[in-house]
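Annotated features in TrEMBL:
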TRANSMEM  B:12-35  transmembrane segment
TRANSMEM  B:55-74  transmembrane segment
TRANSMEM  B:86-108  transmembrane segment
TRANSMEM  B:120-142  transmembrane segment
TRANSMEM  B:149-169  transmembrane segment
TRANSMEM  B:181-206  transmembrane segment
TRANSMEM  B:218-241  transmembrane segment
DOMAIN    B:220-447  domain 'Cytochrome oxidase subunit I profile'
TRANSMEM  B:247-274  transmembrane segment
TRANSMEM  B:286-307  transmembrane segment
TRANSMEM  B:327-347  transmembrane segment
TRANSMEM  B:359-385  transmembrane segment
TRANSMEM  B:405-430  transmembrane segment
């Protein structure tokens, strides 16, 4: 093997092969981009309200306790399907009220219980956050999570 | 130390070790919040501490890589660094940016993409620092001798800096956001960082074992080829459930199975080189960390990664404590231990005082590695129970978490061992001046 696979051959295999895989990856990524926009997230329009909600989600760093589509911090429940769990997936007003009520009750202060902080969120922002979570819940995630528990 | 400018690495390593201390202390606090959730819940909530824990880790590993490059490139290129001043300016920008980021996290100003929470001005600072770094090492590299080690190191560093561009791209569409987010996160740790790791490991093997450069460099090209061939399409294992097409389930499963190969190769490489070399290098601690790093990386990244990477398994384990278990051991083995190997090798030379205390350093290796292994086991058991109760039976998240208290308590215990190990490491690097155990007489090898 050592005679056939010289250092320069190994180097050429490395460079050539890497370029090949980069090209394949870029092509698949472009196709996935189209798939996400046209199919997977087409269930509900990406309104200004949803975008506002995403910014609220980011500004308060919810991802560093919760998971969203399974990605995040594993310290608090999955929220990619929270609107399904609450039974308000198709009810914007109900979604807002549930979320607003839940957030207003935090932190619970119960001893030995994980505490969700208090967040300063206006009504408009809270409606946006509820719409964002409804929007995320309608994404085609290949049937993940396995059940409503998330 | 052959070249005066290598000395800049010392400042990088010091900054890296300071952040390492902050990172593990943050981790210990997080572990305690799992045990006693009301701790600091109003002043310093979990999400803020976690940002500090993960960001400090990433920045100190990068500082370690940059320092390693400044140490290694002059020696390989056989010339001084292009500009020592630029290297210090780069470090100053990174330190100011890091302190600024931590400060703004503490007052509640941060972004919301995991690991990329840095305020925009810090992100730009990192970009500027990266450009300075690339200019500085590239000019050194281009003017001097080119070796496979520096070729691969430069390629890894260039690509990882270029991928940082994706930190600025945040689409309004959550699924697109997630897809492009992985271009930084996955293509760093499972592609470009592996090139940096292989190059540094190759350099250490060259210095510590005395094996012929030709042999080492051929191995290196094979290792990095398997790393990129598997790692690039291996990104697919993050595209199972975020709104991306279903074909990623097969591409991700197949290519991330191959991701075990480069880690197995790096482990084999390290052991074969040590066996072949038979050089009696006095820095035993650096050798221990090098072998330990490649071995733990194989288990953490290779075995624990494979454990939950097949899409049929990941459907149930995704986003549970299994992920946390894998993340901790993989990062520790592949990147923490590798950086500590480089520090252990270079620091005595940079400070002009070898031999130095190796016994305490080696003790810190076993303390930290033992702690991380135990942490990985407890989280794996916790994750297994969580997967069953939550994903199969369908119990609610918090009900399940309430059943896992014992594992989180044991995890906290293992965290104490890791923190003690880390502090012992820093102490043995910076404070101790004399060996605590006298080395035995060198035996004459019998025929």
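Cβ atoms here come from the backbone N, Cα and C positions, even for glycine.
Counting same-chain residues at least six beyond the ends of the transmembrane segment (B:247-274), those with a Cβ under 8 angstroms from any Cβ of the stretch are 190, 194, 197-198, 201, 205, 208-209, 211, 215-216, 219, 222-224, 226-227, 229-240, 287, 290-291, 294-295, 297-298, 301-303, 305-306, 309-312, 334.
Remote same-chain partners of the transmembrane segment (B:12-35), defined as residues 6 or more beyond its termini with a Cβ less than 8 Å from a stretch Cβ, comprise 41, 44, 46, 49-50, 52-53, 56-57, 59-61, 63-64, 66-67, 70, 91, 94-95, 98, 102, 336, 339, 343, 346-347, 350, 405, 408-409, 411-412, 415-416, 418-419, 422-423, 425-426, 429-430.
When Cβ-Cβ distances below 8 Å are used as the criterion, the transmembrane segment (B:181-206) is approached by residues 65, 68, 72, 76, 113-116, 148-150, 152-153, 155-157, 159-160, 163-164, 166-167, 213, 216-217, 219-220, 223-224, 227-228, 231-232, 234-235, 238-239, 259, 262, 266, 269-270, 273-274, 277, 286, 290, 293-294, 297, 301, 330-331, 334-335, 338, 341-342, 345 of the same chain, each at least six residues removed from its ends.
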